[in-house]
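S.K.: Got a structure here, written out as structure tokens. Questions coming.
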Amino acid sequence: MVTLQLVGSLRKELADSLSTCRLLVVGAGGIGCELLKNVVLTGFKNIEVIDLDIIDVSNLNRQFLFQKKHVGKSKAQVAKESVLQFCPTANITAYHDSIMNPDYNVEFFRNFMLVMNALDNRAARNHVNRMCLAADIPLIESGTAGYLGQVTVIKKGLTECYECQPKPTQKTFPGCTIRNTPSEPIHCIVWAKYLFNQLFGEEDADQEVSPDTADPELSWNPADTETRATASDQDGDIKRVSTKAWARSTGYDPVKLFNKLFKDDIQYLLTMDKLWKKRKAPLPLDWPEHQKLTCPQGVTGMGLKDQRVFGVAGYCQLFSRSVETLHSMLADKGDGAEEWIWMGNCDDPPAMDFVTAAANLRMYIFSMNMKSRFDIKSMAGNIIPAIATTNAVIAGLIVLEALKILSGDVEQCRTIFLNKQPNPRKKLLVPCALDPPSANCYVCASKPEVTVKLNVHKTLVLALQDKILKEKFGMVAPDVQIEDGKGTILISSEEGETEANNCKFLSDFAIRNGSRLQVDDFLQDYTLLVNVIHCENLEKDVEFEVVGDAPDKAPAPTRSQEEGKNVANGNKESSEPSTSSEAPAEQNDILLVDSDEEVPSSSTMAVSMESGGHKRKLHDAETGEASAKRQHLSQPSADDDNDIIALD
Amino acid sequence: SKRTMAFTKASKDQKYDRQLRLWGDHGQEELENAHVCLINSTASGTEILKNLVLPGIGAFTIVDGHKVSGEDVGNNFFLSNNSIGRNRAQAATELLQELNTDVSGNFVEEVCVFNYEHTCLRLGSVLWNANIPFLVCRTYGLVGYMRLVVKEHTVIESHPDNALEDLRLDQPFAELKNHIQSYDLEGMGKKDHSHTPWIIIVAKYLEKWFSEHNFQFPKNYKEKEAFKQLIRQGILKSEKGTPEDEENFEEAIKNVNTALNPTKISSGVDDIFNGEQCNDITSQTPTFWVMTRAVREFVHNDGGGNLPVRGSIPDMIADSEKFITLQNIYREKAMQDASVVSKHVESLLQSVGKVCETLFCKNAAFLRVVRCRSLAEEYSVETVNKDAITSCMDSADGEMVLYLMLRSVDRFYQQHSRYPGVYNYQVEEDISKLKLCVNSLLQEYSLNVNVKDDYIHEFCRYGASEPHTVASFLGGSAAQEAIKIITRQFVPFNNTFIYNAMSQTTATFQL
């Protein structure tokens with residue numbers, strides 16, 4: 001019985017190890033706030049917390065260390081201050097920063113005995129996973145989504161790492177689907193988000209919204225292209241310098257914008273008749289001049305009633321009004337406007353109004369059923385419902401796993417899934433034994449290696465760097481050397497060294513089928529050998545394929561949790577915890593769980609249960625063990641362990 | 001003013017956005033109208049309240065006569081050093097109140113619990129008679145315990161997983177029948193053909209199937225496969241004779257299994273209809289039962305044995321016009337049915353219940369009633385659920401043994417006015433005393449089970465401590481149950497929940 005050993009003896013050693021343990025908490029959001037509270041009340045003394053986010057109103061329903069007056073301030077900083085108010089003796093360091101900043105290198109991670117992730121995105125999870133592997137520090141990974149949650153422990157060499165199991169890639173959509181042939185509401189929503197950035201934020205060549213004449217479905221005959229090019233030249237609107245420059249030249253006139261986006265561009269799309277042979281053709285919209293410009297019911301000064309769907313006229317109105325609002329906000333911002341980007345910040349009402357209106361108008365044009373603002377917000381921001389209760393449960397579980405690690409019992413750690421309600425076997429929690437590392441993992445294997453299929457004549461060095469090494473393989477600043485016997489440096493993370501290569505194709509460097517690339521990420525202390533397979537017939541819109549990877553079209557992590565399935569966590573991501581840790585040397589296999597602020601005195605309790613001797617020493621009464629208990633000699637009749645709650 | 005109200009609403013929508021996605025505006029409204037009472041602001045107690053204050057419970061009242069102690073400050077986040085010596089209810093109320101200004105926090109300075117078992121039973125019986133839900137929550141060392149005591153809790157929105165759509169393809173109502181008839185799959189153009197909603201496709205091929213199969217529904221796997229094949233043959237062919245790419249037909253084939261699910265009333269709902277609450281409607285009858293009775297009347301008199309049409313259909317490949325028309329046919333029928341139900345409600349009672357008929361009808365297939373056993377029944381030698389205890393004790397290290405241990409430490413308390421192991425120097429002698437309590441408990445209830453000594457040692461070591469991280473877990477779980485009960489959404493557990501923090505396992509028992 002593990003429990004016996006864990007609770008029974010050697011409490012002092014564990015209490016000591018808690019008070020000397022340096023702990024890193026990555027993230028001060030939903031789980032992070034609960035976690036900070038739990039760790040200080042469990043006896044951790046030296047805590048560092050890092051989060052780059054600032055506090056938003058929509059955090060306040062669960063992130064209890066923040067109040068309305070803190071909106072706009074640093075999460076890490078305010079969390080620290082709030083905890084100190086309650087627990088002034090804790091030693092907390094706060095960083096308002098990204099954990100992926102190179103300042104937090106392997107040396108930084110080695111300062112800690114334990115790392116706890118309370119993150120909301122996969123990129124940061126991948127990164128912390130690698131840093132903890134490189135520093136050989138145990139990591140507890142966690143995540144929640146609505147009523148679901150998950151906790152796991154990652155220890156180098158002993159358990160799976162976060163990246164051992166390939167995860168379904170985040171769904172991205174081919175450019176031509178977004179620009180020419182949307183078939184689902186999400187395509188229109190993505191288009192509307194791009195449009196927002198094009199008009200009011202930073203322009204990004206990958207977020208083009210105009211009709212795409214290079215759609216592979218079209219296979220133009222050159223004469224056609226010629227005519228069209230001429231036509232579009234004449235039509236100055238279609239071939240524009242940039243969407244934003246054009247919008248600016250019209251003074252952000254909502255009607256002109258409307259006509260361009262929802263009428264002219266659509267009419268232009270209709271000329272690509274190949275696209276509409278099998279599809280239902282889109283229907284260009286006219287600005288509803290004839291309609292009175294009164295607001296439809298519900299479109300008031302307070303914004304749309306969230307959960308209703310309005311008619312086209314309503315969305316025309318909303319479009320027009322949100323363009324005006326955003327334009328004036330842009331004007332107010334002046335030169336800083338370029339920094340205004342759609343960051344999935346769906347809690348910004350005018351931006352959300354704009355996206356709702358533009359997406360719905362496009363849905364209407366493409367014969368889809370329009371969606372409410374509430375639904376669009378979910379889809380546009382990948383908003384995952386979040387509540388205090390789930391985070392409280394998960395944070396409680398995390399600390400219990402931490403206690404096992406600190407007492408040297410990593411083998412007893414579990415991956416734990418939290419269900420929405422007790423499953424058919426009446427279990428709310430499903431604990432599973434940790435899996436050993438996957439031999440083929442391209443992160444934690446002793447010599448990580450991976451095989452990538454791509455077209456060497458069509459893949460740019462920049463795409464290799466950004467899409468494959470950074471986005472797919474989660475590196476921060478990769479260096480690439482070709483194993484060609486000469487040690488040609490293809491990409492250097494030092495600025496100014498290899499930028500000239502960016503716009504060349506891999507084949508320009510004699511990379512061909514069977515070439516091997518040695519990729520190093522100095523920060524992550526990570527080396528990956530990439531085997532290149534040249535491939536001419538990749539699927540449409542697929543730039544590369546990782547051999548043995550989960551298929552790109554893998555379904556999103558399921559929310560209906562069967563046992564053992566992973567749960568999406570935080571925002572944006574599916575969490576799939578796992579990793580490595582090293583048992584601190586001074587530990588033994590006994591875990592103390594009683595936790596209190598008072599530090600136990602120095603007297604030792606040397607008797608372990610499994611040695612059979614139940615010879616607890618009487619003077620233990622003076623140790624922290626006694627003080628950790630709820631009842632004391634001074635108040636023998638107190639009976640305050642029972643809380644009863646009656647609900648009216 | 002109206003504008004200020006609208007503004008408050010908008011700012012609340014923003015603050016509560018992430019949870020509105022779970023229980024909706026109406027769930028939030030229930031929450032904001034609820035008043036909960038917490039007895040004893042221990043770590044577990046304040047953790048529960050924190051998780052109710054954050055999402056915006058209307059009001060809370062803490063009843064607690066204790067003074068804040070050093071240990072309290074050590075494991076309770078909502079008590080601070082400078083509150084030592086003050087009344088615990090007041091100190092906790094002040095800090096909890098800070099979490100959310102929309103919530104009204106109150107306290108009563110009153111010692112409520114001297115003897116756990118005794119107090120629970122007494123309070124349990126008072127609340128039982130008043131039909132006020134009572135959730136007993138307890139953190140004892142590495143064990144979490146919850147017991148829900150409620151005579152009757154009715155749930156309209158039970159949010160079942162994987163509920164099937166209510167399409168009525170086996171018994172189409174007149175409007176749906178007419179609409180299906182208005183489609184001519186053979187005669188229509190290619191574009192319309194590939195934009196016909198799959199529901200219509202399945203309905204059309206069902207007609208065909210019926211005529212070939214003596215009006216028998218495809219029932220087993222083989223027949224369903226044959227039916228899918230029938231649909232597949234309907235996909236248009238190109239000039240070369242190869243099938244066109246018709247996604248709507250593929251969708252129809254994919255949905256055959258669930259779409260052919262016969263329309264019927266589940267046994268759970270049938271039981272609710274046949275309950276006595278449904279038979280004897282008086283002016284005192286709660287809305288839920290009036291509505292249920294009205295729906296039952298509908299089933300018998302108007303629905304031809306079926307529930308009101310739910311009125312929603314899933315998203316599907318179709319052009320807007322066809323989809324919206326079809327959607328409206330279901331929606332209008334649902335509204336029609338709801339208004340018939342509403343007439344039954346009116347004739348049952350002069351005053352109409354406050355629950356919206358449409359919501360009720362929409363969820364009629366998933367109505368749930370939770371009836372817990374009372375604490376008195378659980379504790380009485382005559383009515384104890386011996387079978388549940390004995391069968392769960394088959395696995396000696398399951399969670400049931402923790403329940404028996406909790407009962408035993410309460411017995412210890414009754415005899416010694418303290419919990420075992422609270423003073424370290426007494427741990428050894430407490431082990432044998434606790435063992436006597438375990439044995440007398442088993443004997444009193446004639447339970448022929450074996451409790452390992454290990455557990456007795458373990459519970460002595462707990463010394464009735466309340467580790468914060470276990471309290472955090474329990475606070476989250478208990479608040480979640482409270483929210484289920486308050487919002488009347490999702491089904492609360494019935495009736496005992498045990499958490500083993502060391503193995504990270506949980507179980508629920510009906511005791």
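Glycine residues also receive a Cβ, built from the backbone N, Cα and C atoms like all the rest.
Below are the features listed in TrEMBL for this protein:
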type	residues	note
BINDING	A:27-32, A:Asp51, A:59-62, A:Lys75, A:98-99, A:120-125	ATP binding site
COMPBIAS	A:222-233	compositional bias 'Polar residues'
COMPBIAS	A:576-586	compositional bias 'Low complexity'
CROSSLNK	A:Lys167	SUMO1 cross-link
CROSSLNK	A:Lys193	SUMO cross-link
CROSSLNK	A:Lys239	SUMO1 cross-link
CROSSLNK	A:Lys260	SUMO cross-link
CROSSLNK	A:Lys420	SUMO1 cross-link
CROSSLNK	A:Lys629	SUMO cross-link
DOMAIN	A:549-643	domain 'SUMO-activating enzyme subunit 2 C-terminal'
S.K.: By CA distance, which of the binding-site residues (A:Ser98, A:Asn121, A:Ala124) lies nearest to A:Lys193 (SUMO cross-link)?
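M.R.: Going through A:Ser98, A:Asn121, A:Ala124 one by one, the Cα closest to that of A:Lys193 (SUMO cross-link) is A:Asn121.
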S.K.: For the recorded sites listed here (A:Lys167, A:Lys193, A:Lys260, A:Lys420), tell me which residue's CB has the most neighbouring CB atoms inside 10 Å.
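M.R.: Output for this query is A:Lys193.
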S.K.: For A:Ala124 (ATP binding site), what is the tally of other C-beta atoms lying within 10 angstroms of its C-beta?
M.R.: 20
S.K.: Sequence order please: the recorded positions A:Gly27, A:Gly30, A:Asn121, A:Ala124, A:Lys167 that have their Cβ under 8 Å from a chain B Cβ, otherwise just none.
M.R.: none
S.K.: Give the helix, strand or coil assignment DSSP yields for A:Lys420 (SUMO1 cross-link).
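M.R.: The residue in question, A:Lys420 (SUMO1 cross-link), is coil (DSSP, three-state).
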S.K.: Among the binding-site residues listed here (A:Asn61, A:Asn121), identify the one with the smallest other-Cβ count within 10 Å.
M.R.: A:Asn121
S.K.: If I take the alpha carbons of A:Lys260 (SUMO cross-link) and A:Ser98 (ATP binding site), what is the distance between them in whole Å?
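M.R.: Checking the Cα atoms of A:Lys260 (SUMO cross-link) and A:Ser98 (ATP binding site) gives a distance of 40 Å.
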S.K.: Let me know how many other Cβ atoms fall within 10 Å of the Cβ of A:Gly27 (ATP binding site).
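M.R.: Cβ-Cβ neighbours of A:Gly27 (ATP binding site) within 10 Å number 29.
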S.K.: What Cα-Cα separation, expressed in whole Å, is found between A:Asn61 (ATP binding site) and A:Lys167 (SUMO1 cross-link)?
M.R.: 30
S.K.: Where A:Asn121 (ATP binding site) and A:Lys167 (SUMO1 cross-link) are concerned, what is their Cα separation in Å, rounded?
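M.R.: Taking the Cα atoms only, A:Asn121 (ATP binding site) lies 13 Å from A:Lys167 (SUMO1 cross-link).
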S.K.: Name the residue among the binding-site residues A:Gly30, A:Asp51, A:Ser98 whose Cβ has the smallest number of other Cβ atoms within 10 Å.
M.R.: A:Ser98
S.K.: I need the CA-to-CA distance for A:Asp51 (ATP binding site) versus A:Lys167 (SUMO1 cross-link), whole Å please.
M.R.: 24
S.K.: Using DSSP, would you call A:Asn61 (ATP binding site) helix, strand or coil?
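M.R.: Where A:Asn61 (ATP binding site) sits, the three-state DSSP reduction gives coil.
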S.K.: Across the domain 'SUMO-activating enzyme subunit 2 C-terminal' (A:549-643), what does the mean pLDDT come to, as a whole number?
M.R.: 31
